[in-house]
Amino acid sequence: IRVDSRTIYVGHRSSSTNEAFIPPKFCDNRIVSSKYTVWNFLPKNLFEQFRRIANFYFLIIFLVQVIVDTPTSPVTSGLPLFFVITVTAIKQGYEDWLRHKADNEVNKYPVTVLEDGRRIRKESEKIKVGDVVEVEEDKTFPCDLILLQSSRGDDTCFVTTASLDGESNHKTHYTVPDTEKDLESLNATIECEQPQPDLYKFVGRMHIYKTNQEPAVRSLGPENLLLKGATLKNTQKICGVAVYTGMETKMALNYQGKSQKRSAVEKSINAFLLVYLCILVSKALVCTTLKYVWQGKPGQDEPWYNEKTQREKDTNLYLKMFTDFLSFMVLFNFIIPVSMYVTVEMQKFLGSFFITWDKDFFDPEIKEGALVNTSDLNEELGQVEYVFTDKTGTLTQNNMEFIECCIDGFQYKYQDESSELDGLCVPDGPVSKLQQKAGREREELFLRALCLCHTVQVKESSEQGQAHEQRGFIASSPDEVALVKGTVVERSSMYELLHVLNFDPVRRRMSVIVRSKSGETLLFCKGADSSIFPRVKQEEVERIRMHVERNATEGYRTLCVAYKYLSEEEYAQADAGLREARLALQDREQKLMSVYNQVETGMSLIGATAVEDRLQEEAAETMEALQGAGMNVWVLTGDKMETAKSTCYACRLFQRSTELLELTVRTLEDGGRRREERLHELLLDYHKKAVQDAPPVKAGVTRRWSSANQDYGFIIDGATLSMVLNSSSESNASRYKNLFLQICQNCTAVLCCRMAPLQKAQIVKMVKNSKGCPITLSIGDGANDVSMILEAHVGIGIKGKEGRQAVRNSDYAIPKLKHLKKLLLAHGHLYYVRIAHLVQYFFYKNLCFILPQFLYQFFCGYSQQPLYDAAYLTMYNICFTSMPILAYSLLEQHICIEVLLDNATLYRDIAKNAMLRWGLFLYWTLLGVFHGLLFFFGVRFLFSNPALQDNGQVFGNWSYGTIVFTVLVFTVTLKLALDTRHWTWINHFVIWGSLAFYVFFSFFWGGIIWPFLKQQRLYFVFANMLSSVSAWLVIILLILVSLLPEILLVVFRKPRGPNARQIAPVTPLSYKHLKEDD
């Protein structure tokens, strides 16, 4: 057997009776999308966590504290680190457990397998290659099967592949010819290619062995293969043999692995960390240097009362310097906030529940709300610059309605009054004439054409005697169902269907040849105007063209209908041509095309139809809000250009005034020159229009609002895109890419049609890696959008009609497109502001904390004496100051949600990581330095006379540190209280609770003799300190002085900026109203 093919024994029966049967080995039918197993969870997770700078750094500091004699105990850094690692591991373990659960649902799904004539129920994961599997109607196929038997009389079955490629139409698949009706006695082997990801390719052959006969060989193609993930329709049950299972199915091979998505905020945190690391190292260096300078003075290093031991004299000076440097590093180490990572993780994890709980995201139809799969990206929702959306099922609902038609230039529209129309009744409401009407026989001909020229089948109703209204229709596209439902004619007449000339995207039309009772042969044809108009008599075109163009700009999908009578000779010739072409093995497609094109000429045009694909509710408002918020919206669709263009008009992505720049196969072939040259010429031409000649955009004003500018919309299709991306010469490719990107970035909306799923991902990748690395978001509802959802920074799935593939692979899932507006403009905005404040505040409070410790070294002979007690060092970040900022970062609304939703432009205020810029970071750092200096020197001023108690007793160094620490805890907590705009009982509870807890803890810690402490430094220090009035005075004064600038700013600042919008809800009453008044 060749290695590039596999042999499968149907039902595990060997081909010849006398040979011993050794089944070949293939993988089982399990699907795995999880990252960890029980065994590798710990090592793998720990390895991933210690790849983070901060965690690794703290691990090293912890080891230094264990090995070197340092001023603080290893617990001070070990405990917070252990806490961080545990919390993160629990969170990631929980998320992975959910993935395991989802996999198990698929793997444990019960299926029916035929073994030795018995039907056995098994779990889906137990299916092996070669098993014969039975599938019932409306169930999905558990693996890739070759169809052997169907319950339909004509040996076909119908399948929808919505969850694979997003097409919700019914596709016909065929059984392998000549297989025996009784599968038990079937003895056959299948030889087919090794698994590969292309959904539409499959090559194989089946050898059928019968006793005393030559084995029959049948060829297998994609029409015999049923893919895992597709659903059986309109067929009661089928049997098939498994050829690819588990991770080798085409669905699993098309699945791009999830890469770890990191948010932009995390990158900012890492940059700030490096700055603080530099501060830390420089502090330690300064202290070490000064220590040795100070000790170099005579008498300082070895005073008479503290002589060195022999061992101390013998140690190497440089080693001593190094250990001193490490000790200082450990002492100042708290400037790097390890607990910030915990708080950020908690904030993301808990914050994601707010999205899940949001009542506005609840959809009564499917009875579900939003779903969060990845909580790491909440703040990224506030930074989106590019939105890539799918069209079918995302912007539109994917259900069609027949709106109007035009016969011989006369327009007919649906109305609701029930009036009869010459015995022609249309169930959805009769047709009313707007002008006069066409001739009676033309009307009949038109309706007859619509009733005959289609591939719709009537769904077999399971119960007998249902009224025909309830019969369902099945078709390869939803448009057809709409047209057929719209034209059910009451009078019935019989026609014999002779040939169907199938629809294909190149011809863009389909035809049927029928014979009536009276023996006439007719050809009916319907298709896109561009493909029908050249094939009919020219005098008929003008009457109908204006209707078609008007309908197209209203956002309807239009089709033209034509017919021709065929004479006996013409029919005989066409019949022979079609039969011959269908049997050809080589170039079958081309031969069929030429026959089709011969037959479909010289037709007469009867009329045109308009079908509406309903937009999702509030689709236009959502798109307008996103553009108002400064996002670029790109529509990526596999659909035809005309339909996609009409949807863009309906969604107001293209306005009437928008000038469309088209770069499609059609415009490339207009010039009559080589495609490459034409492409180059068009790109340069559009670049000149949209980029060079466009007036510069004023910052803060969208194109949409500055009416002087011309708006441009850009349209490209899949074929042209691959020319742009994979140009024959390298130098051209990068040039084309740059031109293409610049044009797109200067257009208000971009439409890419006829895209393959991987092309969608390519476009997202191209924009994502372009200059400035903009944040991208993809939103789609079908499996054909999965690759683009995984590629973008943020992927959003819609819980639509097309399976759950997109939802499973997305970071966030919402029931409807309209929910995207609130998700970005409200949730995204608030999360970003909260986390940005959290990061800046954390660095600030740790700088305030460690700066006095650094200054203290100048007054204690650089002896690494800690200013604060070890308990305070450990508890500062974990207990005393962590809860208020966590509550703030979950509940803060600096602008209320209604205002954010009404006023999309507010989203621009935080664009491009505005709140984590270096300027703001510098402001917070300087504030921290100011507070640190104030705390230390303020208390030092108080201690200029240390006899602070009534009885004249003197305060010691631990009292000094405790006073500084008390001022510190109160100041940073009250600073946060001043920043809070949105108070809830939780904020009150944690802010005042933290301060009360600090006071209580200090009394408690110093009020008992603890048996496990060697030395108890704080014994009654806190209580003693509070017995001194001057200590009270200094604490209150210092807190007030530290916060005074803040308070004054709040009081005297003219209400502008985001706060003003709360105080005075005067929003710039969108220029839209002004435009309307002009």
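Cβ from N, Cα, C; glycine included.
Among the features that TrEMBL reports, domain 'P-type ATPase N-terminal' is placed at 19-77. Summarising model confidence by region, the domain 'P-type ATPase N-terminal' (19-77) averages a pLDDT of 84.
According to TrEMBL, the transmembrane segment annotation covers 50-68 (among others).
What TrEMBL lists as domain 'P-type ATPase A' is 109-250.
Under 8 Å from some Cβ of the transmembrane segment (271-294) lie the Cβ atoms of residues 53-54, 57, 300, 321, 324-325, 328-329, 332-333, 335-336, 839, 843, 846-847, 854, 857-858, 861-863, 916, 921, all in the same chain and six or more residues away from its ends. Annotated transmembrane segment per TrEMBL: 271-294 (among others), in sequence order.
Taken from TrEMBL, the feature transmembrane segment applies to 325-344 (among others).
Residue density at ASN784 (ATP binding site): 31 other Cβ atoms are found within 10 A of its Cβ, drawing on all protein chains shown. Look at TrEMBL and you will find ASP390, LYS391, THR392, GLU480, PHE503, LYS526, ARG557, THR637, GLY638, ASP639, ARG754, LYS760, ASN784, ASP785 tagged as ATP binding site.
If you look up TrEMBL, you'll see ASP390, THR392, ASP781, ASP785 marked as Mg(2+) binding site.
Among the features that TrEMBL reports, active site, 4-aspartylphosphate intermediate is placed at ASP390. Cβ neighbour count for ASP390 (ATP binding site) (all protein chains, 10 Å cutoff from its Cβ): 30.
The feature domain 'P-type ATPase C-terminal' is assigned by TrEMBL to 807-1054.
Packing against the transmembrane segment (871-891) from elsewhere in the chain are residues 72, 75-76, 79-80, 83, 334, 337-339, 342-343, 346-347, 350-351, 354, 834-835, 837-838, 841-842, 845-846, 849, 961-962, 965, 969, 972-973, 976-977, 979-980, 982, 984, 986-987, 990-991, 993-994, 997-998, 1001, 1005, 1018: each is 6 or more residues past its ends and has a CB under 8 Å from a CB in it. TrEMBL lists 871-891 (among others) with the feature transmembrane segment.
Listed by sequence, the residues of this chain that lie at least six past the ends of the transmembrane segment (920-943) yet keep a Cβ under 8 A from its Cβ atoms are 272, 275, 840-841, 843-848, 850-852, 855-856, 859, 955, 960, 963-964, 967-968, 971-972, 1030-1031, 1034, 1037-1038, 1041-1042. Marked as transmembrane segment by TrEMBL: 920-943 (among others).
Taken from TrEMBL, the feature transmembrane segment covers 958-977 (among others).
Within the same chain, residues 871, 875, 879-881, 883-884, 886-887, 962, 966, 969-970, 973, 976-977, 1016, 1018-1023 sit at least 6 positions outside the transmembrane segment (989-1010) and bring their C-beta atoms closer than 8 Å to a C-beta of that stretch. Summarising the annotation, TrEMBL assigns transmembrane segment to 989-1010 (among others).
Annotated transmembrane segment per TrEMBL: 1030-1052 (among others), in sequence order. Sequence-distant contacts of the transmembrane segment (1030-1052) (same chain, six or more residues past either end, CB-CB distance under 8 Å): 930-931, 934-935, 938-939, 942, 948, 955, 959, 963, 966-967, 970-971, 974-975, 978.
Sequence-distant contacts of the transmembrane segment (325-344) (same chain, at least 6 residues past either end, Cβ-Cβ under 8 Å): 52, 54-55, 57-58, 61, 64-65, 68-72, 76-77, 80-81, 83-84, 87-88, 269, 273, 276-277, 279-281, 283-285, 287-288, 835, 838-839, 842-843, 846-847, 849-850, 853-854, 857, 864, 866, 873, 876-878, 882, 885-886, 889.
Between the C-alpha atoms of GLY638 (ATP binding site) and ASP785 (Mg(2+) binding site), the distance comes to 10 Å. Of the listed binding-site residues, namely ARG557, ARG754, the sparsest Cβ surroundings within 10 Å are found at ARG754. Tertiary proximity for the transmembrane segment (50-68) is limited to same-chain residues at least six positions away from its ends with a CB under 8 Å from its CB atoms, namely 74, 76-78, 80-81, 84-85, 270, 273-274, 277, 323, 326-327, 329-330, 333, 336, 338, 340-341. For the pair PHE503 (ATP binding site) and ASP781 (Mg(2+) binding site), the Cα-Cα distance reads 26 Å.
Cα to Cα, ASP785 (Mg(2+) binding site) and ARG754 (ATP binding site) are separated by 13 Å. Cα-Cα distance from ARG754 (ATP binding site) to ASP781 (Mg(2+) binding site): 17 Å (rounded to the nearest whole number). Counting only the Cα atoms, the space from ASP781 (Mg(2+) binding site) to THR392 (ATP binding site) is about 8 angstrom. According to DSSP, the domain 'P-type ATPase A' (109-250) comprises 17 helix, 64 strand, 61 coil. Ranking the binding-site residues PHE503, GLY638 by C-beta neighbours within 10 Å puts GLY638 at the top. DSSP states for the domain 'P-type ATPase N-terminal' (19-77), grouped as helix (H, G, I), strand (E, B) and coil, give 27 helix, 0 strand, 32 coil.
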